[in-house]
Amino acid sequence: MQRHFACSGEGFPKKDEMLKLYLSSAYLEVRCFFLTEDEATSRGLLSMFTSGGLAPSLEIINSTYTGIFHFNLTLFSERVYWLITIPRESLTKNTGVTAVEEWLVRISLHHGLNIYSTEGTLLDTIREPILQWNLGVKMGKAECSRLQPHVIDLKVTKSPCANDVALLAFIMNATFNGIYIGLSFSGFWKYDNTTWYNMTENIYSELEEDLTDLSVVDIVLTNHFLVILTSLGLFVSRDLRSPSASALKFSRAEFCGFERGDYVKGKLWYNENCFANKESFEVDYVSITFDRNKTLSESSACFYSAEPFHEWLPCIPQLSRGVKTIPLKVITFLIDIERNNGIYLLSNQKETIASVNILKNNQPSLQSRFPKFVFPSSFSVPIGMVFHPRSHFLYAYGNQIWLSMDGGNTFDLIADFYHDVIRRSFHSFYTSDITFVSQHGKVYFTKAGVKRYSEIGSITDKIFTLYYDHLGYIHKLTPDHFEADELLSATGNSRAIFDKVPDMGFEAVLAPQFISFNEIIFYAYVPSNEPKATKHTKKFNNLHFGKILYSRKTGAAYIKKVLQHENRKGFLSSIITKIIDPFGVEQVSDSSCVSSSIFITNAGNDVYKLTLHLQDVKSSFQQSDLEKTVVIPSHSSFLITEVLDDMNALAIATMPETVPINMTFSKDKWFLYNFGLNAERTWNIFSRKCNYWFQQCDKESLSLSIQRYIDLGKHYSLKVKIIPTVAEIKPAGRNDEGSSSLAFIIWEASTECFVTTFVSVVKSSCSYLRFMHHVPRTIIPLEDWISGIYNDNQGFNMIKTLPVNYRPPSQLGIAIPLTDHFYHADPSKPIPRNLFLKSKKTGKYKQCANMSTREECNCTDDQKISHAVAFSDCKEKVPRYKFPVKQYPVSLQIFTLEGSKPVDLPYLVTVTEVNKRENWILQHSIPATIAKLKSYLESRLKVSVYNPEALKISIQGSELFHFKVTVVPGVTFCNLVEEFQIYVDAAPLPFPGHTLIAIAAAIMLGGLIFIVFLFQLYNIHPWDRFQKCLGKRK
């Protein structure tokens, strides 16, 4: 058994099985094995690696995050595997159901060493929306088997953020009536791992009358909704972010005048984007087109809607009365959320047009963003248009493929299939792979943004669809089985599901023409009697660009450029190539004519006569020399088209301008090459092996699709390395919110490369990883917070444990709290300071609302130490300072992925006390340059504005002060808010206590002085009388 490294989430990993991990509500557990021929050897190897300080490391990556976790070096209980257990909180603290990215997982035997590694995915199963629902009635194997013979087509859709989560829909014939959909959360690797649902009742429950012949027509899974086009109408699910125990319900979209015959010819169009960490400007759109022209009573044959897909509007805005237009059918309508445009692919019998209109209030307007792009008449069968996921690459396809990289302003021709038509396209955002399937079953492949493509095989299955999983592996799905490449490779494309790699050559004779020592032009010969309808089959085209031309004798050349010729007799196309291996020439044993000299004359009509001057009696032209090429350095080459006799042959010149007429060339001055078709084609064209290495720089995320945020006035640098050159992209910041995709494309890279395109999505927005934090004057370790004791150098405990159901004082006194916020809440305990009516009317539990005990409040450890007022119910301990607090520095830091920096100008802040307490003042300085800005903001915000630099606070009150610091709007996209608390202890008695004592003391002292005065006035001597009384007693 071959030794190899493998990991799994549970159980023993199977050979060549993809690593699929799933994050539950508790923790992630991963086991890694070093598989050998027996358990004892495996255990010994584990011990050897571990004793040497080597253990696996797990790297978790998505577009915004990279985290590394190390397996324990200690092996327990004679285990034959390494084990790591990661609490959920260490990966994410969020549990809400919403679109969330599926992570890429890379595990290597030791981080930084390229030995023994594996990769896979990690899916958060408790947050992925579609997984939280009961989709319908589950079906068993027997029920699925009964359906399979009646399936006439398949439709697949996948979660935009987690491509391993996908739905496969059966399109049924008239024999079976219903909606049958399969759900996979592991990427359709195994048919048995797919859960099948009968969703017929989900749809019928929304129909007001008994209708039959129900089947799926098309299906789209957006970030938050499932949209199903059926033969009886369009149905939209409930918001998938709000799951319930009941079956998933749908609502029916109404389109006046459209019937079953229209729906079965309808198509759904969707621009796939992942809206994890969704911004306000990120909205999903879905459009539907009907394959018919609208009638006078109908507003459109194309409709679109934005989530939640309640209102469906015509794609084409209504024209003003009297405005005449050429009738065009809408083939596709897409929303470009990056540029805020609506993009149309329009067609009629005369022309095909791409039109881009500006969106206003999320609706397409009559205002064009660019002039209309008119495709040439050769693009006669447009089928559709699609954005490559998470990018700005726009493809229009049909009998040709066109690519736009500027949002539909211009298009470049990628491929021309003449009498074949592309029917479907399939995409992988991760590897940038794009696969096109034609109506004849041929499969073509390209990379996003690359202007070259390859033919990678064909599919003979009558009913199938293709699907890319999250890691970019392609799967062939059929009604009764799934196929995927069993040879999992991280540096190539999975092609095993197709027939053998095709030869991309064509049945034509080639004539080589040297233009330098290492460059050759190959002309493709088209006979003059070739029918016009088949001439294109004997021409080079874009398919051949970037490929390798091989001679079956010896030699290979890289195709650098494809040229088309209109007025060159016999040669309608050519390729410029760079020699990789020299091509073999014909020897005497192949063609005896090469042992003679050759004389060239003009035979007229662009034909030349080649005559042998014998130097060997056995030398002659033979019929086998037809379609071979005479090559004369520094002169035109000649393709032999006819052998007249042993001494003479007719030929056409590749470069008539350089024909050496009436010249003789000795046998060592000319050569004969064979790129003909006499017995069989003597040359082939195949894809070029990967010729570039793409490397991200150290500080960048290791994801192939990264997302970065640019705040106001900032910039973002993207640096990638193409060995041996380095490229850097540095986009400027934007002044408005939105997103842009930046693509780095290796133009010269072969489509065989795993990476040719690197896409970075840059959002002019606030990163969810960017936040503001208050740095306290004294840093208290976490373990001391837990214990509640942290003494300063004077023995003063700087941690205050708040009383149960505590509320801070108000201006009316300590005993009369007026705030709504409880701290250290416990509904089972009495509420202190609650004697006065005003206090009884205030005070509301938040997390403990409607609970009977503190345990039921479910306060987490993070909530107990949080300063946020939202978690005040859970707050138990606060920092404690002695009275008075003077010149306390309000130190603020902004934290991002790149690190932290102080909050300074141009940021300005407001400071409030959340419990509306006073007895505190702030000290700061305002530079003259921003004094007017400060005054303007204060007039608009109706609150004081402060400079965060050297901001200090002084407190004259006692007990808890809870401050909230907010960065003013207009200087950042982020809502930067921070809260901090200070408990002031050891304060003097509050007013009016100290004043009353002072007054009482003054009265007593004044009274005593007055009594002494009276004694003196009336000559009263109390001391003498006291002595007399004392003497009488004696």
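Backbone N, Cα and C atoms are what each Cβ position is placed from, and that goes for glycine too.
On the 0 to 100 pLDDT scale, the domain 'Cation channel sperm-associated auxiliary subunit beta N-terminal' (5-124) averages 85 in the predicted structure. Under the heading domain 'Cation channel sperm-associated auxiliary subunit beta N-terminal', TrEMBL lists 5-124.
Per TrEMBL, the feature domain 'Cation channel sperm-associated auxiliary subunit beta 2nd' maps to 138-484.
Residues or ranges marked as domain 'CATSPERB head' in TrEMBL: 510-687.
Outside the domain 'CATSPERB Ig-like' (737-764) by six or more residues, the chain places 63, 279-282, 337-338, 340, 390-393, 405, 429, 431-432, 445-454, 490-493, 546, 687-692, 694, 696, 704-710, 716, 718, 720, 722, 727, 729, 731, 973 with a CB less than 8 A from a CB of the stretch. The domain 'CATSPERB Ig-like' annotation in TrEMBL covers 737-764.
Among the features that TrEMBL reports, domain 'Cation channel sperm-associated protein subunit beta C-terminal' is placed at 766-1023.
According to TrEMBL, the feature transmembrane segment maps to 996-1018.
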| Are the domain 'CATSPERB head' (510-687) and the domain 'Cation channel sperm-associated auxiliary subunit beta N-terminal' (5-124) near each other by the rule of at least 3 C-beta pairs under 8 angstroms (pairs 6 or more apart)? | no
| query | DSSP helix, strand and coil counts for the domain 'CATSPERB Ig-like' (737-764)? | reply | 0 helix, 16 strand, 12 coil
| query | With DSSP helix as H/G/I and strand as E/B, how many residues of the domain 'Cation channel sperm-associated auxiliary subunit beta N-terminal' (5-124) fall in helix, strand and coil? | reply | 17 helix, 49 strand, 54 coil
